[in-house]
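**Student:** Pulled the feature table from TrEMBL, pasting it below:
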type: TRANSMEM; residues: 39-61; note: transmembrane segment
type: TRANSMEM; residues: 224-243; note: transmembrane segment
type: TRANSMEM; residues: 249-274; note: transmembrane segment
type: TRANSMEM; residues: 308-328; note: transmembrane segment
type: TRANSMEM; residues: 334-354; note: transmembrane segment
type: TRANSMEM; residues: 361-379; note: transmembrane segment
type: TRANSMEM; residues: 406-436; note: transmembrane segment
type: TRANSMEM; residues: 558-582; note: transmembrane segment
type: TRANSMEM; residues: 588-621; note: transmembrane segment
type: COMPBIAS; residues: 654-674; note: compositional bias 'Basic and acidic residues'
type: REGION; residues: 654-685; note: region 'Disordered'
Amino acid sequence: MSEVRRSTSSFYRPGTRSSWIKRPKREWKPLEDRNCTDLPWFLLFTLFLVGMCGICGFTIVTGGAARLVFGYDSYGNTCGQRNEPIEGVRLSGLDHTDRKFVFFLDPCNIDIIQRKIKSMALCVSQCPTEELATYYDLKKFAMINGSELCSYELPGHKYPSLPERFEKCPKLPVPQSKALPVFNRCTPVDISCYAKFAEAVVTFVSDNSMLNRLIAGVAASKEIIVGLCLLALVLSMILMVIIRYISAVLVWILTGLVVLGSLGGTSALWWLYIDYRMTMNETMTKDLRKTEEPNGGIKTTKDHSQGLLIYAVSATVFTGILLLLMLFMRKRVALTIALFHVAGKVFIHLPLLALQPFCTFLALSLFWVYWIMVLLFLGTSGNPEKSEETGLVEFRLRGGLQYMTWYHAVGLIWISEFILACQQMTVAGAVVTYYFTRDKNKLPVTPILSSVLRLVRYHLGTVAKGSFIITLVKIPRLILMYIHNQLKGKENACARCMLKACICCLWCLEKCLNYLNQNAYAATAINSTSFCTSARDAFMILVENALRVATINTVGDFVLFLGKILIVACTAITGVLALNYQRDYTEWVLPLIIVCLFAFLVAHCFLSIFEIVVDVLFLCFAIDTKYNNGTHGREFYMDKALMEFVENSRRSMAVEEQGRSKRSRPKEEVELTEVKAMAPGTSSA
C-alpha cells in the first residue's frame, strides 16, 4: 500500500496506571510482505505423505503388489515365479516360473455380496483357447499344450479315470478363455455366466436385449458424444466471459420472476381458501340435511378449510419476508452485478484461470488411480490364512497392520481436500494480484504461475491445515452415512431421524467451513498470515458485510446455477438434433444421458472457478472500501464498475442524510435557512 496505516482498539487491563490501553490492530498490506505460514502443518502433512508412501512400499516388499499383478493360486503360490513354502498349507512353495496365468475352476461361481469369485484358482501355462466339453478334452489339452487345468497333484494323462476329477478339475464345459492384458487372469470370452453378477451390480438392467441396444447406441454414436462434450466445454468457457454482459439482465429478471411467483402463489392460495369457504357455506345446509352424522362432515370440511388457511397464511408470511428482503437488499444486488462484471474482466486478463479445472481434475485423477492401486495391493498383502469354509488360502492383515487400511482411507480424504484447497489458493492468489495492481498493464506475465510458485514456497502449510479441518468434519459424516446404510430397515424411526439430523448438521458445518476456508486462503494470499489469523480476519470482514454476503451468495449462486442449466439444455438440444438426424441410431437415450451428465459436470467445474473469483473479489472489495476512501494517499484499488457502485452508494447515502437532517430540524429554522439562501449577496456556505 502507498502508506502505513494503523488503527487502534482499546482494551481494559486492571492494575495498571492507565486501565485503558491502546492496542495496535494488525493492518492489511496486500502484496507487500511474504513469509512462510503454518510451517508445522507443512511438516505434519509431509510426514503423513511419507506414511502413505510407506504403505505402498510395504505392499511391494511383502509381495502384495506382485500377487495382485501376477495373480496367485488357492495354495498361496504367486504365478510366474518361485515361491517359498507356507507352513501348514500343502502344495505351497511350488515353482511356477512357467505358469504365468491364473485359471479358475468355476469362474461363474461368484459371491454377489462380496463381489468376488469363490472358485479354486490354479496357475497354468496357457488359458484354454477353445471350449472343453469332456475330461478327454482336458487330457488332450494338457498333453498338447502342457497346461494342466486340474489340481497340481492330479496327472494330466489320468484325468478321465480319476475319482477326484469332480472336485479338483474344472466344471464342464470349460468355456473358451482369454488372458487379461495386465493381470494375467483367464477370463471367459463369453461373459454370459457373469450375467447374475452384472445384474446385481447394475440392478436396473433386466432385459439383455435392451442393454445390448443401449450399448450399441453408445458405440455407434461415440463421435457425436465426443463432439457434444467438447461443445459443453466451449459453452462453459464462453459463458464465463459473456456473463459480465448479461448478469444485470439475468439478476433482475430472476428477481422479478421470484417476486411474481411468490405473489401469484399466495394469491392463488387465498383465492382457493375464499372459494372453498363460499362453497362450504352454500352447501352446508344441504349436507346437514342429507347426512345422518353431520358432525363428522362438518369436522372434515373444517379441517380442509383450516389446512388451506394455514397454507395461505404461511405463503403470505413468506412473501412478506421476501419482499422486505428485496426492499432492503435491492441496492446490494447492484454489487453482485458489478462483481460479475469484474469477474468477466478477470478471465479476460487471466485466461489461464480456465485451465484450473483441467489441472485439478488431472491431479485428482492421478492420485485416485494411485490410491485405488495401493488399496488393491493391500487386499493381497498380509499373512496367508486358510479359510475354514472353502479351504482356500487368503491373505489378511492382522494386528496393527490392519490399521494401514484406515490410514489409507484418511489419506484419500485429506489429500483430495488438499488438492482442491491448492486450487482455491492458486485462484485466490491470482485474483488478489489482479485486484491490488493499479495498472493492469504491469501485471505479471503469468499471474497464475506466480500464484502457484507463492503457494509452493510459502503457503503449503496453510493449505494443509485448512484441508485437515475439512477432513475432520467429513470423516464423521461419512461414518454416520455408512452406519445409516448398514442399519437401513433395522433401526427405529427415532434412531433414523437422529442419524439423518447429525448427517445434515455435519454437512452444513462442512459447507460453512469450506466457505470460511476459501476466504481464509484469500486473506493469506493478501497478507501472508497464518490460517487461523487469516480465517479470523476474513470472518470479521464477512460479518461486517453480512447483508452483502447473503445477497451475493443467494443471487449469485442462483444465477450460476441457471448458467449450468443453460449449458446442459443447449447441449441436450444439440444432442437430440444430432442423434435424431442420424437415422441409424435407434437408441440414443443413454448417449444423451451421458452427454448431459458430462455437460453438467463441466459447467459445474468451470462456474465453480467463476464463483471462487467472485468471492475473492468481494473480500478484496470489502477490504478496499474499509481501509481506503479515495483521497490522496488512500486511493481505491477497485475496478471502474465497482467504483461506480461506490459513488452511487455515496450519493444515495448523502441524499438520505440530507432528508433526515431536514426532517429533524424545526420547520421555522428550515424556512429561515431557505430565505437566507435565496437572499442576494448572502453566502450559502
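For all residues, glycine too, the Cβ spot is worked out from N, Cα and C.
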**Student:** How about the transmembrane segment (224-243) and the transmembrane segment (361-379): do they have 3 or more C-beta pairs under 8 A, pairs 6 or more apart in sequence?
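**Tutor:** As far as Cβ distances go (cut-off 8 Å, pairs 6 or more apart), the transmembrane segment (224-243) and the transmembrane segment (361-379) do not touch.
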**Student:** Can you tell me which of 249-274, 334-354, 406-436, 558-582, 588-621 gets the most C-beta pairs within less than 8 Å of the transmembrane segment (39-61)?
**Tutor:** 406-436
**Student:** Quick check: do the transmembrane segment (588-621) and the transmembrane segment (334-354) share at least 3 Cβ pairs under 8 Å, counting only pairs 6+ apart in sequence?
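**Tutor:** Yes, the transmembrane segment (588-621) contacts the transmembrane segment (334-354).
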**Student:** Output the single range from 249-274, 334-354, 361-379, 406-436 maximising the number of Cβ pairs under 8 Å to the transmembrane segment (558-582).
**Tutor:** 249-274
**Student:** If we skip the immediate neighbours and take only residues 6+ beyond the ends of the transmembrane segment (308-328), which ones have a Cβ under 8 Å from one of its Cβ atoms?
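**Tutor:** Sequence-remote neighbours of the transmembrane segment (308-328) are 255, 258-259, 262-263, 265-266, 269-270, 272-273, 276, 547.
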